[in-house]
Amino acid sequence: MASSLFNFKIIDSHTGGEPTRMVYDGFPDLVGDTIQDKLQSFKQNFDHLRQSIILEPRGNDVLVGALLLPASHPKATAGVIFFNNAGYLGMCGHGTIGVIVSLAYQQKISAGVHWLETPVGLVKATLHDDGSCSVQNVPSYRYKKQVEVHVPELGLIRGDIAWGGNWFFLVSEHGQDIQASNVKQLTQVTMQIKQALVAANITGENSSEIDHIELFADSDDTQVDSKNFVLCPGSAYDRSPCGTGTSAKLACLAADNKLAPEQLWQQQGVVGSVFTGSYQYASELNTTLKNPAGAAYPEQTIIPTICGHAYVCAETTLIMQEDDPFKWGIPS
């Protein structure tokens, strides 16, 4: 039998139906003093390991990976780099909840406040006694309101461009039925919107790619405020209500004065799971904030908090054997 090149210790969880795979042992050392440096080291030297962890036959296109790292910031419990089948994520709300619950499962943390260091900043997470987890996300804001894009298959579509840890194009008027039974059509429509944004050179701030498309509609459940469908990088859809997407939505609601600070927002995802969101204005927290590029955030920047549940599904070892033709995954 061929020897193993790598053995990765992992814990799989799901948050509102969306899976997270936390890699906590066996990964090669990454070069760099900061987590941003380590992200570059990951990208440049070990992208084949991202593919091996995420892609079939060991993973799937829905899975989000979370590489656990020692923190470089003294305030942080751990560092984490999120990634998926398409590449790397600055931040992942459902993934953060999954990581916190997985660490609790390992008895490495208990109920209380914990900080995770991500490439886009420190993220505050609170593990509650009932097992739920609240994530105080990175500063979030609306960049542009009601941007028009012509989608050949759909006509004129308007949406807000907002940052919630990733870049989103948020669309409320789209004529689609947001139901789990309609996922194929929703995926096609959101991919068409994404392609139209690229063709029109419509981007986030500093020409950043808008890699998430989010559709909203009213829900059949009168206990929730909205239902969404989120297309993620790699063309998979988010089973959860999407933590960074809900943060981006809260930023737009705040900018339009449609949601007051600390007022609760119940965001339902396409499979029916719910995140509870709220926010405070960054200025009210007396915080001097700079984005990862070192520039000041806009005046109406918010600090969102997202609360949800995650559940551990598996604890195992991923093995990459030397003679395995698919040790680096099956290209998607």
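Residue 1 is the first one shown; counting continues down the chain.
Cβ from N, Cα, C; glycine included.
Swiss-Prot lists Cys92 with the feature active site, proton acceptor. Annotated substrate binding site per Swiss-Prot: Gly93, His94, His212, Asp238, Gly243, Thr244, in sequence order, evidence recorded as similarity to another entry. Look at Swiss-Prot and you will find Cys242 tagged as active site, proton donor.
In the three-state DSSP reading, Asp238 (substrate binding site) counts as coil. Sequence-distant contacts (6 or more apart, same chain, Cβ under 8 Å) of Cys242 (active site, proton donor) comprise Glu18, Gly93, His94, His212, Glu214, Asn228, Val230, Gly269, Phe275.
Over all protein chains present, the Cβ of Thr244 (substrate binding site) has 35 other Cβ atoms lying within 10 Å. Within 8 Å of the centroid defined by the CB atoms of Gly93, His94, His212, Asp238, Gly243, Thr244, the record's substrate site, lie the Cβ atoms of Glu18, Cys92, Gly95, Gly164, Gly165, Asn166, Val230, Ser240, Pro241, Cys242, Gly245, Thr246, Ser247, excluding the listed residues themselves. A strand conformation is recorded for His212 (substrate binding site) in the three-state DSSP classification. A sphere of 10 angstroms centred on the C-beta of Gly243 (substrate binding site) encloses 32 other C-beta atoms.
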